[in-house]
């Protein structure tokens, strides 16, 4: 058998080598080979000093010793056998050809090292799921899957490319068959597309050692995305009041379905479409305009603010400030405008600029700093806006007391003293004091104190008060003593002294009184003589019965004569002769000649005499005091309404029908005087100056009328 022959042949070969020369050996042994499926594989084998049988084995299976290898149609041995060349060829290579091959010199007992034949299978073109056009939504992460199927050897690598650039973010995994061989290979690309990716081409490449260049599959991205909006305004910089056009441009897939406009977050009613026209004002600087565009996928919003040029607008007025003397004071005044307005501070009534900017600081203020401070903003480039705002600085200090001018008074008549008090904070008390006492409010003996609010005083001086000291029935000591008006608050005390001036009866009044007395005496003598003559001449009847009347005219209507019949009846409205005086002149006017026909039968009827002296009357029944106004120019009389406090109307006039009046400030003219309990506040009519007392023109001399 063959097994028995082989050892014998080996023994013979050894013997032969010993006799014939070098022993057989390999000149070239086969190497591992990698070949593509379908191509030709060549395993090289060369022997030296050997001319016997050479055969190839495949994974231990002998292929045969013949050169054409019968039974193996794709296999053959090539080369010059005489030179020991015995190369094995396989064409075309198939997957079953992948094995371990040996070259053996059978007769010499030589075996080459095993050579591994690797058959490579190129990958097929990969498949992208959803291709060739993949629909995605912009902004939403998506996964793209590339799959390679088949018997590719080795397992291919799947890569993603865009515009020749390899993409990152790839996840690779493979699926195995039950037998353990891979069925498919997948590669997943994770991306978040944008609208710019619409229409982009992505490539999945399957690459392996069998096909280094790889095979590609391309897909096109079809993106759905919400609108991309651009918002513009023309012109962007505009004067207040000018027209501005906003344009909202949008690209979207699918197409735009609607536009929505808003200003400062509030919808613009009636605005539709991509265009909006408005008239610019200051609000557009802080309230931007927005455009929102929508489609089936979503919506997008863009906002822009205009650069509106406008004049200053007051945002925050300065607040009144009240500080104590020596403290710092500050005002804040806020204006806005574009460009930013220039703000300056002045004091009302002055022109000096005290500061600029929104804040004014006054260090360590004193009473002289009290007043109104004004912040001004100049108009803008368009001439619009601007203006001023002011606030008052009140400096808290001890009260400032000023004695006001008071009218001179008659002895044993009423008198009045006044003082003006300014204080911040308001005074706790205003007190009048004199030699034997003091009085804050109410009455005490002959004295009565009343306090009234004063009209607004000087800027920042605080509230004002007028304190009035009334004196009824003045005495000699009142004209020689000093009266002190004082006020106090938490910061200190202030005071002022006032004195009472004395007023005497005018010489004219004295003269008129003397003339009246003389006239009365004369009339009484004449009456006595007439009566005497009448009695003695009663028997004489030839005289007609006629009354003689002596009249001194002076009544207001100028007619006081009567007929004889009136004299006979002795009416209670008899009007006797009147003496009328104007100033110091005594004028006697005879209206009709006295006719005496019979001294014994005639008679003179003389009426009683009454003298009426009264203080002058101002409109409304008030008391007119000739002295000047305490705050007005010299010579301006003051008026104070005593009418509500007197129990007679008018208080200082004696009435007699159709009689004239004697006006004089002499206190004895009050025939029925009742001491008032309150004199009431000063009559401060609207629009009058500070502490106004209504002034009425009057004659510089009193008028005297005497009724006889």
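Cβ atoms are placed via backbone N, Cα and C, with glycine included.
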Quick check on the annotations: TrEMBL lists transmembrane segment for one of 463-486, 487-510, 511-534, 535-558. Which range is it?
511-534
Which residue counts does DSSP yield for the domain 'Ig-like' (312-394) in the helix, strand and coil classes, in that order?
3 helix, 44 strand, 36 coil
Looking only at the domain 'Ig-like' (24-118), what are its DSSP counts of helix, strand and coil residues?
6 helix, 42 strand, 47 coil
